[in-house]
Each structure stands twice: as C-alpha cells, then as structure tokens.
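Novice: For reference, the structure I am asking about is given below.
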Amino acid sequence: MQQLQADFRDPRCVSPVDFADHDAPSQIVGNVEEHGFALVDMADAGPPDARIAALSTALRLGEPYIPALYRYGETKDYSAPYSDIRSEPTDRHPGFSTTAGQIWHVDGLLDDIGEIKTTILYCVRAAHRGGDTMLFNSLAAFAELREKDQDAAEALLSPAALNRRSTIPGIDVNATGPVFSVDDNGDLVTRYTDNETCTWDYSAGPPGGLRRALDFLRTATDDPRYRLAVRLAPGQALVFRNDRLSHGRQPYEDKPDARRHLVRALYAEAPRASN
C-alpha cells in the first residue's frame, strides 16, 4: 500500500487536481492511493450537491452512503445524502453545527470498520479564520508502531479495544470494535478515533499494550510526516479514504454574514478511474 510510505511534508501532497483536465479522475485516484487523499479544484460554478455528484460519478463511487447513526427516527434530520456543515446555534449536532474544533475521528460511529471508504468535503465558503481540515495518516503510524512494539500493535487489532458512543442528545447507541483491521483484500483499515465518543478497554490485547499504543499514536498525531492541515478554498473539494485516514477540524471564527460552509458526502466505495 503506497500510503504507508507517504510523507505529508512533501508539498506535492496538497497540489490540487484541476477537475477540468481530461485525466482528472486518474490523477485523483493516483493521489488518493499515494497519500490517502486528493485536493480537487472544481472550476465550474453550480450547486454544491451537483458538483459533488459530478466528482463522485467521475470516481465511480456510486450513491452517497447514509451512516447507521442517521437511520434512526430521532436522527432523520441528518440523513440527507449531502450534509451541510456550518454553525447553527439551534442545531444539536455536536460536530456539524459548531465552530469548535473536532478531534481525530473517522466518519461512521456505528458502522463496521472499513464500511465507509470515502469522504468528500466540498467548500462553499471558507471560515474567516481557522477551520482547516486536519488529516492524520494513522495507517502509516500504525505500521511504524508494528515494527517497534508488536504487542502494542496487537492490542489495537483487538475487537474489544474501542467503544464509540453517540453524543447526539437523546440517542443512546454505541459500537465496539478494533482500531485497526485487515479487510478482505488484505489491506489495513482503521477507525482510529480519540475524542469524546471513545471508551477504551485497556484489558484488550497483551497487558499494557493498548496504553502504549495510544501513547504512540497520540505522539504521532503531532509528527509532520503523518499530520497535515488543509484549508479548502471555495470551489475546492477534498476526497479522502475514511477507512485509511483519521481526520479532524481546527476551531474557527465566522463573519456574521459569511459563515463557513462545507458540504459532506460519504461513500461505501473507494475511488476508481474509468477503464
């Protein structure tokens, strides 16, 4: 897997692909395979949903995926295929509607590890200050850990290691599973999350392994080889492998008449170029 050798200090990581190029889909797929993500300039103006749909069609992603958490009656307001992410004081969603930062997570709190393979974020309007999307190459960090401390890495593979619970008011649901796993193709996948949704079972795996593993990963999130801040400009999209990267958000400030506005779509397929 190329992403295991990625170095986020390389400025080519954030070199955007022009979606108008005839070979843009191949460029995007190549960047995603190499780095886990691709930045895309969507030059043509139009409704955000239409721009994301054009991008997802070019990448053969299929229809947007609705996460399991949003299939409950109490969460139906968040079940749209395209989710608006902007500050809204009357909204109770702990991530979409606040200007606060978001700590490392993967999308799909209740979904099986590797189920949601792709996230697209499209920028309608950038924040006045802050609001960068943070990316963490958790797979590469895990590969380094596995070389240095096999017992710690084994603890992260335990099916009891990580429980994630909903923090949406009134929705008492949770899911337990490994932090890393190997999919049917033999590739590493992740659900590394380290935020207020998490409960860790330190008895999982070899004694002391999970604590050492978390110490290692938390240190790795500050390593510039693995950590990157991406500030999207209006009309840009970020395509990333939700099953191979963890992500977060810097806190931000809005102007009263110009709120930061991103639109998100999730997919169960990985990007593929046309034959």
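Cβ atoms are placed via backbone N, Cα and C, with glycine included.
Bear in mind that the values here come from a model prediction, so they are computed numbers and not experimental data.
Pasting the relevant annotations from Swiss-Prot:
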type: BINDING; residues: His105, Asp107, His247; note: Fe cation binding site
Novice: So, in DSSP terms, is Asp107 (Fe cation binding site) helix, strand, or coil?
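Specialist: Assignment for Asp107 (Fe cation binding site) reads coil.
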Novice: Using the centroid of the Cβ atoms of His105, Asp107, His247 as reference, list every other same-chain residue with Cβ within 8 Å of it (recorded Fe cation site), in sequence order.
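Specialist: Near the Fe cation site, the remaining chain residues are Gln102, Trp104, Val106, Thr119, Thr193, Asn242, Ser246, Gly248.
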Novice: Including all protein chains shown, what's the count of other C-beta atoms within 10 A of the C-beta of His247 (Fe cation binding site)?
Specialist: 23
Novice: Which ones in the same chain are close to Asp107 (Fe cation binding site), with CB under 8 Å and 6+ residues apart in sequence?
Specialist: Pro67, Ile116, Thr119, Asn242, Arg264, Leu266
Novice: Within the chain of His105 (Fe cation binding site), which residues six or more apart in sequence place their C-beta under 8 angstroms from its C-beta?
Specialist: Thr193, Asp194, Asn195, Thr197, Ser246, His247, Gly248
